[in-house]
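K.L.:
Before anything else, here's the structure in question.
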Amino acid sequence: TDLPRSPPAAAEPRHASPAAPRRLREKLRTAARMAGPPARTAPGSRQQVQGGESRAQPASASPPARETRAPFRFDYERFRRSLRHPVRGGRSGEDPETRARRMKIKEMMKFAWDNYKQYALGKNELRPLTKNGHIGNMFGGLRGATVIDALDTLYIMELEEEFQEAKQWVEKSFDLNVNGEASLFEVNIRYIGGLLATYYLTGEEVFKSKALELGEKLLPAFNTPTGIPRGSSLFSPCSGMSWSWGWASAGSSILAEFGTLHLEFLHLSELSGNPVFAEKASEPSLASVGNIRRVLSRVEKPQGLYPNFLSPVTGSWVQHHVSIGGLGDSFYEYLIKSWLMSDKKDSEAKKMYDDALEAIEKHLVKKSAGGLTYIAEWRGGILDHKMGHLACFSGGMIALGAQHSTGDRRQRHMELAAEITSTCHESYTRSDTKLGPEAFRFDAGSEATATRLSERYYILRPEVVESYMYLWRLTHQPKYRHWGWEVVQALEKHCRVEAGFSGIRDVYSTTPSHDNMQQSFFLAETLKYLYLLFCEDDVLSLEDWVFNTEAHPLPINHTDSKA
C-alpha cells in the first residue's frame, strides 16, 4: 500500500492575493474600520532563536569536547507504515459517472496549472486575461505561491508530469533568502502547509528542508511581550525583526491569524526534533504556539465567545466583535483539528472547541423567517445578520466535530452542520451564475443574498465545496455530490477563460466581469475539495489526515514517529 518516495515520471491524462484577497485583506479592511486610528508599533526584539544547535561550552584551558549526539532523523518509512489507507486510495467499485466527473475536475486542474506554468511560473499568481504573472506584497519577497499551493493537489490527482515540473521549480528556483514584509499567517498556511504536506505525501527531502528553513525564519514574529504575534504579523525574514501594519488593526492581533499556526508548527517540531516550534521547551524566550493557548485560557471570554482582536502587549481583548467568518474562522477550525491530529490526546483543544461551539450555538446561530439557519456576527451584544462566504467552512467543521460526540449532541451538531451547508448552497442557487457572493444577509426581507454592491463578487473561494466534501464523506447523501457538480459547471461557464480561471465581480450578472486573478487557493483548495468529493473515502482518508486551512493534508499522529 505504500507509495514510492517520488512519483513516476509518466503522466495520466486543486488567503489573500493583493488584487482579490482571500482572508488577510478582508481581515485588514475590517480591522482598520473597527480598531480605530492608525498606530505604529515598535519593532520586536531581534533576538534570534537557534533551533537544534549545540549550546556553546564554557571557556576553559582545554578545548571544549565536541558534541557527539547523532543528528535527529525523522523516520519517514515508519510514518508511512502508520497510515491506515493508501494515500491515493484503492479506486475500487466506483461508478462511471463519478469517475468521469472526477476526471473533469482533474482536467480543470491541469488547465489551471498549464496556464500558470506558461505565463506566470515563479510569480505568485496568474493573471489569466492579460496572460502574465502577479507578485504582490503579501509574502515578503517569496515567490511561487501557486507552485507551493498546487504541489499536493497535483500529486493526489496523479498529474505526475506536472508534479515533477513543480518539484523542479522548488529544487532550482525557490529562494528563501528574501527580504520584505510578509504575513506570518499567509506564509504559514500556504508555504509551510504546502511544503509539509508534500513531504508527508512523497518523502522527498527537498520539501522538508525548505519547510524547516522557512519555519526558522518565522520565529522572530513571536517576539512580543505576550508571545502573541503582532497585528497581521509582518516581519522581515532576513533581519529577524517583527512589527505590525499599524493602520490595519491599531497594533492588535487577529484571532484567526495567531490562532491558525498550531497544526503546522507542531509538524515543524515533529520533523526537526526542535521543540521550539511547539514550545515543548520551557524558556520564556522560546514562546511559540503553545503560549497562545495559555494567553487565551487566562483572558475572560464575553458570553463564552472569542472576540477577533487581542492586544499582543497586554493579552486583553481590544474590542468585542465576534465572527465565524473572516477574522475568526480558522481559529475554531484549528481547535478541533488539533485534537484530531493528536489522535484525540489534545484534550485542551477539544474543550476549547466544545465550549466555543456551545457559546456560538447559544448566541450566534439564528434561523431566518424563511427557515434558513445561519451564524450571525456579534458586535458587543448586537447581532449583525450576515454570513460571509468564509464562514461557510463551518458546516464541514461542525460535522467533523460531531463525529466524535455522542447521543443528542452528535445528532444536534450534524443537523446544524447540514442546515448551515444548505444555507450556503442557497446563496449559490439564488444567484444568476450559481456561484455564491462574498457575503450574504438576512435582513430587510432579503435572505441568503448579497444586498451590498461591495459583497457581490466571487474569487474562486473554496469554503462551500469544502463543506460539501465533509458532509458527503460523513453522510454519503447524494445531494452533496450533486451540489458540487453544479459548482463545477458554474466555474466552467463563468470563470474559465482562455488562459486559466478568473474570479468574477458580480455573481448576479449573467455576463460577469472577470477580475483577472487565478488565486493560488483555487488550485490548493477549491479544485482539491471538488476532486475529493468525487473520490472514494480512502483517498486522503479522514482517518489519516487533517487539512490545514489551505487544504494541505497533514497526518494524524497515530504513533510516536520519532521513536
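Here the Cβ of each residue, glycine as well, is placed from N, Cα and C on the backbone.
Copied straight from TrEMBL:
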COMPBIAS  1-21  compositional bias 'Low complexity'
COMPBIAS  54-65  compositional bias 'Low complexity'
COMPBIAS  66-75  compositional bias 'Basic and acidic residues'
ACT_SITE  Glu186  active site, proton donor
ACT_SITE  Asp329  active site
DISULFID  Cys392-Cys424  disulfide bond
ACT_SITE  Glu438  active site, proton donor
ACT_SITE  Glu463  active site
BINDING   Thr549  Ca(2+) binding site
K.L.:
Fill in the CA-CA distance, Glu463 (active site) to Cys392 (disulfide bond), as an integer in Å.
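P.N.:
So the alpha carbons of Glu463 (active site) and Cys392 (disulfide bond) sit roughly 5 Å from each other.
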K.L.:
Where's the emptiest Cβ shell within 10 Å among the disulfide-bonded residues Cys392, Cys424?
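P.N.:
Checked Cys392, Cys424; of these disulfide-bonded residues, fewest Cβ neighbours within 10 Å: Cys424.
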K.L.:
In whole Å, note down how far the CA of the residue listed as 'Ca(2+) binding site' lies from the CA of Cys424 (disulfide bond).
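P.N.:
On Cα coordinates alone, these residues lie 18 Å apart.
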K.L.:
Mind giving me a neighbour count for Glu463 (active site)? Other Cβ atoms within 10 Å of its Cβ, every protein chain shown.
P.N.:
25
K.L.:
Between Glu186 (active site, proton donor) and Thr549 (Ca(2+) binding site), find the distance joining the two CA atoms and give it rounded to the nearest Å.
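P.N.:
Cα of Glu186 (active site, proton donor) to Cα of Thr549 (Ca(2+) binding site) measures 10 Å after rounding.
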K.L.:
Roughly how many angstrom lie between the C-alpha atoms of Cys392 (disulfide bond) and Thr549 (Ca(2+) binding site)?
P.N.:
13
K.L.:
Since the record lists Glu186, Glu438 as active-site residues, which of them has the fewest other Cβ atoms within 10 Å of its Cβ?
P.N.:
Glu438
K.L.:
Round to the nearest Å and give the CA-to-CA distance linking Thr549 (Ca(2+) binding site) with Glu438 (active site, proton donor).
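P.N.:
Each residue's Cα considered, Thr549 (Ca(2+) binding site) and Glu438 (active site, proton donor) end up 18 Å apart.
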K.L.:
Quick one: pull the CA-CA distance for Glu438 (active site, proton donor) versus Asp329 (active site), whole Å only.
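P.N.:
One finds 14 Å between the Cα atoms of these residues.
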